[in-house]
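First up is the structure itself, then whatever we jot down about it.
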Amino acid sequence: MSSKRGVSSSTKSAAASIVDDKKDSKLKGMSGDCSEKVLIEESCWKVQSVEFQSIKDDPGKIEAMTVQELRATLRKFGVPAKGRKGDLVFALKHFMGESSQELEERVSFNSRENISLQKNTKRTSDESCVVSINTVSEVSGFKQSKRRMKQSPVEDEIVKVGTEIVTTKRKLSIKTDDLVTLPQAEPWTVLSHKKPQKGWIPYNPRTMRPAPLTDGNSVKLMSWNVNGLRALLKFEGFSALELAQRENFDVLCLQETKLQEKDVDSIKQCLIDGYENSFWTCSNAKLGYSGTAIVSRIKPLSVCYGLGIPDHDSEGRVVTAEFDSFYLVNTYVPNSGDGLKRLSYRITQWDPSLSNYMKELEKSKPVILTGDLNCAHQEIDIFNPAGNKRSAGFTEEERQSFGSNFLSKGLVDTFRKQHPNVVGYTYWGYRHGGRKTNKGWRLDYFLVSESIADKVHDSYIVPDVNGSDHCPIGLVLKV
């Protein structure tokens, strides 16, 4: 039988005093810890920036690092650290391409986020003390490694139980999607490819475009699959005037306008001042489908529509304008379609007919072929080559046809000639939000006759222009 033991009032008082002392001590300790954490977070970006600059100033350090040091450094900057030493060296060298200011802004932003998190998790009776949950994220918004995701993270949670402050352990549930915390402002500047090869780098127009020509002896051409011109003109984020002012193009080629002939006159009224020359062809076989156009401030010598073959010319896919020193052929190549229903037509009829048409034009002057050619020619031209072997636009048959009918016939892929190891896309499907993560295809081209390939000053992509699932591309040609 148990018995209750009496406790004197003096004993109770002493015990209460000890508890209060411990509580005060713990609160002070936590307050000090929080202040120290804030100071650490505030200085974190400075340390990261200094280390970043140190490596950038002496790239030789990267080659001298061990695999462990490379992985630790990459993770410190929030960059995935997978692969062999060569892959890690390449990843770190590529990351060093960012400016120290960009790093400072990114790290500073995350530091402020962490401090804010601490201030919003007060859980003590003393309002002056900040008790933080130790879930400080890494500097970058990139995904954590798979190894870390498989673990069950544990956090310290300080709660008040009666008169006692108790520290408990609580498992965190982390979803994969939660690990991507910051959107990439310019996703095309991050290498995005399922199987990147050594030496590949992402396309960045801010750093890869040459200085503009100043002598005035050049022409600037642009091409854009607008995926419905009327919808584009209503798109809130698009301004045709701003695009013309920014790019100052001489000629603009459009594909997939989806106009009917009755719409053309009203659309012409929306043209920008200075671009009075416009030439349109629409699909007669299927209304509101396909369609191409050339809009120019330079009056062409002549214009013709189609390939001159009735079987190919009912969908409004080709407009050709003749200028002083070249022919410009604006084309919207047929898509092989769901289930590759038009694959045979594409590779056995359309491609050879277009190729023959180009060679006929070349007999009198050089040719520039532009538009949505509906083919990602090489694996570097598509985010996920292995997963699209039987997808329209990347079948082996289409890629071989592209090579044999165009490149082997003397036409030069100007973007690939200028940027042999650059990953740059011009199309991103709406279905999976590919544009936000730069999971795209390069389907739009400027192909030119070999005789004028060396006159190309710049072949470029304009990835920041929205309004369509394609973006514009451009060509600056010396004349």
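Any Cβ shown, glycine's included, is placed from N, Cα and C.
What TrEMBL records for 1-31 is region 'Disordered'. Marked as compositional bias 'Low complexity' by TrEMBL: 1-13. Per TrEMBL, the feature domain 'SAP' maps to 62-96. Marked as active site by TrEMBL: Tyr332. The site 'Transition state stabilizer' annotation in TrEMBL covers Asn374. If you look up TrEMBL, you'll see Asp444 marked as site 'Important for catalytic activity'. What TrEMBL records for His470 is site 'Interaction with DNA substrate'. Taken from TrEMBL, the feature active site, proton acceptor applies to His470.
A map of TrEMBL features onto the structure.
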residue : record                                  : contacts (Cβ under 8 Å, 6+ apart)
Tyr332  : active site                             : Asn225, Gln255, Glu256, Ser290, Gly291, Thr292, Arg317, Val318, Gly371, Asp372
Asn374  : site 'Transition state stabilizer'      : Val333, Pro334, Asn335, Ser336, Ala392, Gly393, Glu398, Leu443
Asp444  : site 'Important for catalytic activity' : Ser223, Trp224, Asn225, Thr370, Gly371, Asp372, Leu373, Thr426, Tyr427, His470, Ile473
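Using a 10 Å Cβ-Cβ cutoff, His470 (site 'Interaction with DNA substrate') registers 23 neighbours. Confidence in the domain 'SAP' (62-96), given as mean pLDDT, stands at 78.
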